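J.: One structure is given below, represented as structure tokens, and several questions about it will come after.
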Amino acid sequence: RQALRRAAGPEVDFARAEREHQLYVGVLRGKLGLQVLELPADEDLPDCVFVEDVAVVCEETALITRPGAPSRRKEVESMKRALESLNLNIVEMVDENATLDGGDVLFTGREFFVGLSRRTNQRGAEILADTFKDYAVSTVPVHDSLHLKSFCSMAGPNLIAIGSSEAAQKALKTMQQMSDHRYDKLTVPDDAAANCIYLNIPSKGHVLLHRAPEEYPESAKVFEKLKDHMLIPIANTELEKIDGSLTCCSVLINKTPEL
């Protein structure tokens, strides 16, 4: 009830939200064999399940962000402790003029695109560029959505999943113009379904977690065309009510197993 949301809507079914989240974690840990570090819930921070927004991790460096919503700023504390325990190089965004939500950061493996939204500003994007100097960083205006990744994400090594709305297509065009590289695109009818989780796991190959067919049947049919991927449908009906997407609930870190 306390979580931020862009528009009024139906109340979250908390028990169902828990079940869906447990399934999500179970897929990462059980089905895919990833090590999952779960942060403790904090009842003072109702948006804390959306861990993606408070850190951007690339290679051995973790940028602790400064979330755009003031009510979320304290979420960074437990994330910082967790990432320090993994021996990552920690960079903190301390400039009070900067805001950055991880949901506005799309890393393609070659470069970063940063959405300029109500939650992320130009100064935040500049600090990200300073932090990850090995990669080009381009900014993309985001007007009608919470975050850049509300309507796009990586669906493969060179493949951008993108929604069909006019705003999503306009953002994709901006990204294409900004980049020296030519990406393939996978267009899905529903913007929310374009947020998916791509993983390249040595023992499993290309893995894609995508929204379940009962939620977005037409978009699910598009994902089913990816014959080289292990496709795993995941329901996200409850957290979507408070603007949550599949990528929001995890931070993917590439570390050797002994860590």
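Here the Cβ of each residue, glycine as well, is placed from N, Cα and C on the backbone.
Automatic prediction, not curation, is the source of TrEMBL annotations.
Annotations for this protein, taken from TrEMBL, read as follows:
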- HIS147: active site, proton donor (ACT_SITE)
- CYS248: active site, nucleophile (ACT_SITE)
- LEU4, ASP47, GLU52, ASP53, ARG72, ARG119, ILE242: substrate binding site (BINDING)
J.: Could you list the residues of the same chain, at least six apart in sequence, whose Cβ is under 8 A from the Cβ of ARG72 (substrate binding site)?
T.: LEU4, LEU45, ASP47, CYS48, ASP53, VAL54
J.: Fewest other CB within 10 angstroms, which one of the recorded positions ARG119, HIS147?
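T.: Per-residue Cβ counts within 10 Å for the recorded positions ARG119, HIS147 bottom out at ARG119.
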J.: Looking only at LEU4, ASP47, GLU52, ASP53, ARG72, ARG119, ILE242, the residues listed as binding substrate, what is the longest Cα to Cα distance in Å?
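T.: Pairwise Cα check on LEU4, ASP47, GLU52, ASP53, ARG72, ARG119, ILE242 gives a maximum of 15 Å.
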J.: Write out, in the order they occur in the sequence, the residues of the chain not among LEU4, ASP47, GLU52, ASP53, ARG72, ARG119, ILE242 that have a C-beta within 8 Å of the mean position of the C-beta atoms of the recorded substrate site.
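T.: These residues sit around the substrate site: ALA3, PHE50, PRO67, ALA69, ASP101, GLY103, ASP243, CYS248.
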J.: Most Cβ neighbours within 10 Å: which of the binding-site residues ASP47, GLU52, ASP53 is it?
T.: ASP53
J.: If I take the alpha carbons of the residue listed as 'active site, proton donor' and ARG119 (substrate binding site), what is the distance between them in whole Å?
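T.: About 8 Å separate the Cα atoms of these two residues.
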J.: Which chain-mates of CYS248 (active site, nucleophile) that are at least 6 residues away have a CB under 8 A from its CB, listed by sequence?
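T.: In sequence order, the residues whose Cβ lies under 8 Å from that of CYS248 (active site, nucleophile) (at least 6 apart) are VAL49, PHE50, VAL51, GLU52, ASP53, GLY103, LEU239.
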J.: Among LEU4, ILE242, all listed as binding-site residues, which has the most CB atoms within 10 Å of its CB?
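T.: In terms of Cβ crowding, the pick is ILE242.
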